[in-house]
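Engineer: Below is the structure I would like to discuss, written out as structure tokens.
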Amino acid sequence: MPKRQDISKILVIGSGPIVIGQAAEFDYSGTQAALSLKEEGYHVILVNSNPATIMTDAEIADKVYIEPLSIDFIERILRKERPDAILPTLGGQTGLNMAKDLSEAGILDELNIELLGTKLSAIEEAEDREEFKALMERLNEPIPESIIATTLEESLNFADTHGYPVIVRPAYTLGGTGGGIAQTHEELSEITANGLELSPVTQVLIERSIAGYKEIEFEVMRDANDNALVVASMENFDPVGIHTGDSIVTAPVQTLSDREVQMMRDAALKIIRALKIEGGVNIQMALDPDSYKYYIIEVNPRVSRSSALASKATGYPIAKMAAKIAVGLTLDEIINPVTGTTKAEFEPALDYVVFKIPRWPFDKFSTADRRLGTQMKATGEVMAIGRNMEEAMLKAVRSLEIGAIGLDDITYKDLSDDELLAALMPARDDRLFMIADLLRRGVSIETIHDKTLINEFFLDKVLHVIEIEQDLASHVGDIDQLQYAKKNGFADETIAKIWGKTAADIRTLRKDKKIKPVYKMVDTVAAEFESATPYYYATYEQENESIISTKKSVLVLGSGPIRIGQGVEFDYATVHAVKAIQRAGYEAIIMNSNPETVSTDFSISDKLYFEPLTLEDVLNVIDLENPVGVVVQFGGQTAINLAQPLLDNGVNILGTSVEDLNRAEDREAFDQVIKELALPQPVGKTATTVDCALAAAQSIGYPVLIRPSYVLGGRAMEIVSSDDELQDYMQRAVKVSNDHPVLIDSYLVGQEAEVDVLSDGETAVIPGIMEHIERAGVHSGDSMSVYPPQYLSQKVQDEMVQASINLAKAMNTIGLMNVQFVIHENTAYVIEVNPRASRTVPFISKVTHLPLAQLATRVMLGEKLSEMGFETGLVPNDDMVHVKAPIFSFTKLPDVDSLLGPEMKSTGEVMGSDINLSKALYKAFIASNIKVPRYGNVLFTVADDDKEEALELAKRFNDLGFALFATAGTGAYLSDNDLPVEVLDKISESDNNAVAALRQQKVQVVINTTQADDRAESDGRLIRNAAIENAVPLFTALDTVSAFLEVLESRSFTVKEMH
């Protein structure tokens, strides 16, 4: 069936900001889809609210809108552009829900716009719990006994009849939001109430728990001619009961018999055909480990996180194929781009094992609940490929960047065998290390299986790793043992630790004995057909399949898994660097370990090495490829941390020299630069002991900002106000400082602002100044940011520009640099310099139309900015106003305090742009899913230090017609200042309290601040949690409230009596 000629203009809906449950995989799928449709000659319009994405680059679509993903704004775009069709299945749950809402609002029918790929009826049959249940019953496919509940009573009645535990799954939500496993009446009441609140259709599925069954996933494709194929089968290491996004996953399936695979494969194909989906579907199933009994758990009628994993695991580009199928092409017409010869109807075959481990944010959030269940908590993931499972597993472990190179790097010496065994359930993020430690102690596989229900096959693989550790220990220096350990994924560093040597010693020994990796191709056909995919993984075998080009090459290091502080912004910069390298005539090589990202799409670079970003793995690729240089500036702290060790091994680092990179991070060296340039800087000192830190803080004067050096995302950064707080911090945080000292600065109260600088050592270009809305003390990644600045004086702007130019020259910056300032008493103080691409690069690149990462790469390759037409100084401002706003995932991490501070907590960002600040702010709030009410009740509960400022804000709310609620202390202050206010009781005193008011939907906005020494105060924390749980806008910084009021005031009319 040829592609459709009756449509020409297609709108692709993106997935919005990165949140837990919906991350970079949708930038990858959306980018693939838009390019795929353009390739077929269609006019593509793309809408997304997230500026840190490749898909929102000008060249990806014919027209790009960075606008809120709300009905109101999408409708405006549809009326303006009049597309023939919408492709909603590549924008995650956001895109799917938007298609449903547009249809129900009658907009699609009115404008005669059709949905491509998946019909609305199929979306509803898969997403609506009642329709899904009815469909499975019609197909005679088994699902766990369940009911659809729309009330708490229905939920409790089901559990009374069927017994506990039961699983709660809300309809139309993302990453298991609002769901969970309930063991008791009380747990079920709480989870159901939360699930009904978070489901947009107020509907939850209550089902009998089948926790403990094997969890299997199939990625399936179908076209309009009813051709269908299974792209990948995947098996979760963890049994049913842990969200698949939090599960360790292997591909292909490992423990199923051929009969079981065929039985479940047939069911998957039957389901996609019954739903009549044209494109890709993810089907999750549960298999009884002791019989052939299985259940269908869930069907995702869209490209998903698992689709991205399956695409990277097999090399089969699911999103690209889904886009072509959506416009009428069939699988037997589409060429598989991997082989270039076979058709897309061939099912991929794997001659390797893939191992995925999620990346959780618990290193950032020490208070978070590390137990895993049906609600996803991971921010990202890593994938590794090996010839056996042990190899893939250990490569994945060292890709995580959690301080573990092997399974022996995290141990539990403080716990007895019984205590450690008990800690295995409920499962935690570190269960793989717990299992390894138990096996190391001699606890049997059977005992661990009985406790966890993890299949014995997987446990046996972990045991094999432990046995190799023990064999290495008893055969120190044995070359055969070394070779065998390398074949099974052991890092040089692990072997060195066991043998009492250094990793460099092991590397030298390996090279002497010709023990080195070869690189195998990921080709979708298990080497059965000729293939030319430039996509490789390392293994210790004989034949090397990576052919070295005669062209000069440049290696770009990616940023590894997505985590808080190091998000998709760095992948954006990596992809742009590759484009610039290719345009300069070099071969561009990417090395990365993240299956979700655009950078690990094999069509982006000339060569892709899907490998861990460790010194050993990077050096192995360099040994083979011999690039002219390595780019570390775009891979966040991951790549920067490799710069010095690579240089020590004779590798050429492109751009700013390693010596200058280190100068920016070394406090004393950096202070020297600041002194030489005579730049204002907060008083600061360095401390290496607790006593030293106390003396420093006392001499500077409290409050002080304290942090370890060499850190990303403000990890372990705090504002402390007393000796006691400082001592507490030093005990908790010095451990994370990597033998680097702790930095202590005077905490200056004032507004923050920042610039990115592009420099070639002679010319320093500043594309724009970004002014933060929140004052210093809130991490820059968690602040709302405005370009061009609206309130900074010209004097301050001039100071920032001149200081940044001087710093770029003094630091010999070749490429990018980020400088952060605090504006105190109308003077710009330098507070931080990052000698690399920062997380603001995509935002400032979009709003100034300057591809900063590409320009920086050209500079690193020797071009001069003057030759490109640039001169030193600030680029003229844009005539629009742009606001970057942070996005948080607190609903997924209920134990993490939502109070903002110097430690970064946001997972993503959105952008709002318009002709003035209030309109841009409005868009940013809407894109952030912050409701902007026209009227209602505002709850104030603020610290004593903030009461005077809060009074002015309360007056503004009152003038707009909002009613004021407050807790006792704040209420008394507002009342004493003649404002009408309803005072609420303490939570422990009566039911007339703030938490009850939130649960009863009586409050539309919450404003809560605390004293620096009162972070753990009980009522404030409970109020913040209640606001998050009930989706009520919560503000913990008064500057954000003022911006919010600016929006409310701009959208309202004033009514005043004349007499």
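Glycine too: its Cβ is placed from the backbone N, Cα and C atoms.
Straight from Swiss-Prot, here's the annotation block:
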type	residues	note
REGION	1-401	region 'Carboxyphosphate synthetic domain'
BINDING	ARG129, ARG169, GLY175, GLY176, ARG208, ILE210, GLU215, GLY241, ILE242, HIS243, GLN284, GLU298	ATP 1 binding site
DOMAIN	133-327	domain 'ATP-grasp 1'
BINDING	GLN284, GLU298	Mg(2+) 1 binding site
BINDING	GLN284, GLU298	Mn(2+) 1 binding site
BINDING	GLU298, ASN300	Mg(2+) 2 binding site
BINDING	GLU298, ASN300	Mn(2+) 2 binding site
REGION	402-546	region 'Oligomerization domain'
REGION	547-929	region 'Carbamoyl phosphate synthetic domain'
DOMAIN	671-861	domain 'ATP-grasp 2'
BINDING	ARG707, SER746, LEU748, GLU752, GLY777, VAL778, HIS779, SER780, GLN820, GLU832	ATP 2 binding site
BINDING	GLN820, GLU832	Mg(2+) 3 binding site
BINDING	GLN820, GLU832	Mn(2+) 3 binding site
BINDING	GLU832, ASN834	Mn(2+) 4 binding site
BINDING	GLU832, ASN834	Mg(2+) 4 binding site
DOMAIN	930-1059	domain 'MGS-like'
REGION	930-1059	region 'Allosteric domain'
Engineer: Could you check what DSSP calls GLN284 (ATP 1 binding site) once collapsed to helix, strand or coil?
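Structural biologist: Reduced to three states, the DSSP call for GLN284 (ATP 1 binding site) is strand.
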Engineer: List the same-chain residues at least 6 positions away in sequence whose Cβ sits under 8 Å from the Cβ of ASN300 (Mg(2+) 2 binding site), in sequence order, or say none.
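Structural biologist: The answer is ALA126, VAL281, ASN282, ILE283, GLN284, SER306.
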Engineer: Do you know the DSSP helix, strand and coil residue counts for the region 'Oligomerization domain' (402-546)?
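Structural biologist: Per DSSP, the residues of the region 'Oligomerization domain' (402-546) fall into 71 helix, 11 strand, 63 coil.
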Engineer: Just to verify a number: CA distance, ARG707 (ATP 2 binding site) to GLU832 (Mg(2+) 3 binding site), in angstrom, no decimals.
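Structural biologist: Pair distance, Cα basis, whole Å: 12 Å.
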Engineer: How many Å separate the two farthest-apart Cα atoms among the ATP 2-binding residues ARG707, SER746, LEU748, GLU752, GLY777, VAL778, HIS779, SER780, GLN820, GLU832?
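Structural biologist: The ATP 2-binding residues span at most 18 Å between Cα atoms.
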Engineer: Using DSSP, what's the helix, strand and coil tally for the domain 'MGS-like' (930-1059)?
Structural biologist: 56 helix, 21 strand, 53 coil
Engineer: Considering every residue in the domain 'MGS-like' (930-1059), what is the mean pLDDT value?
Structural biologist: 90
Engineer: What are the non-local neighbours of GLU832 (Mg(2+) 3 binding site), defined as same-chain residues 6+ apart in sequence with CB under 8 A from its CB?
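Structural biologist: Looking at Cβ-Cβ distances below 8 Å from GLU832 (Mg(2+) 3 binding site), excluding near sequence neighbours, one finds VAL819, GLN820.
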Engineer: Three-state secondary structure of HIS779 (ATP 2 binding site) from DSSP?
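Structural biologist: Coil, per DSSP.
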Engineer: Taking Cα atoms as reference points, rank the binding-site residues ARG129, GLY777, ASN834 by distance from GLU298 (Mg(2+) 1 binding site) and give the first.
Structural biologist: ARG129
Engineer: Under a three-state reading of DSSP, tell me whether LEU748 (ATP 2 binding site) is helix, strand or coil.
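Structural biologist: In three-state terms, LEU748 (ATP 2 binding site) counts as coil.
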Engineer: Can you tell which of the binding-site residues LEU748, GLY777, HIS779, ASN834 lies nearest to ARG208 (ATP 1 binding site) in space, using Cα positions?
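Structural biologist: Nearest candidate: HIS779.
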Engineer: Output the one of ILE242, LEU748 that, of all these binding-site residues, has the highest number of other Cβ atoms within 10 Å of its Cβ.
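Structural biologist: Comparing the binding-site residues ILE242, LEU748, the most crowded Cβ belongs to ILE242.
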Engineer: With H, G and I counted as helix, E and B as strand and the rest as coil, say where DSSP puts ILE242 (ATP 1 binding site).
Structural biologist: coil
Engineer: Would you mind reading off the Cα separation of GLY777 (ATP 2 binding site) from ARG129 (ATP 1 binding site), to the nearest angstrom?
Structural biologist: 45
Engineer: Inside 10 Å of the Cβ of GLU215 (ATP 1 binding site), count up the other Cβ atoms and send me the figure.
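Structural biologist: Neighbour count, Cβ to Cβ under the 10 Å cut-off: 25.
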Engineer: Among the binding-site residues listed here (LEU748, HIS779, ASN834), which has the Cα closest to the Cα of ARG129 (ATP 1 binding site)?
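Structural biologist: Of the binding-site residues LEU748, HIS779, ASN834, HIS779 has its Cα closest to that of ARG129 (ATP 1 binding site).
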Engineer: What's the CA-CA gap between GLU215 (ATP 1 binding site) and ASN834 (Mn(2+) 4 binding site) in angstrom, rounded?
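Structural biologist: Computed Cα spacing between GLU215 (ATP 1 binding site) and ASN834 (Mn(2+) 4 binding site) is 44 Å.
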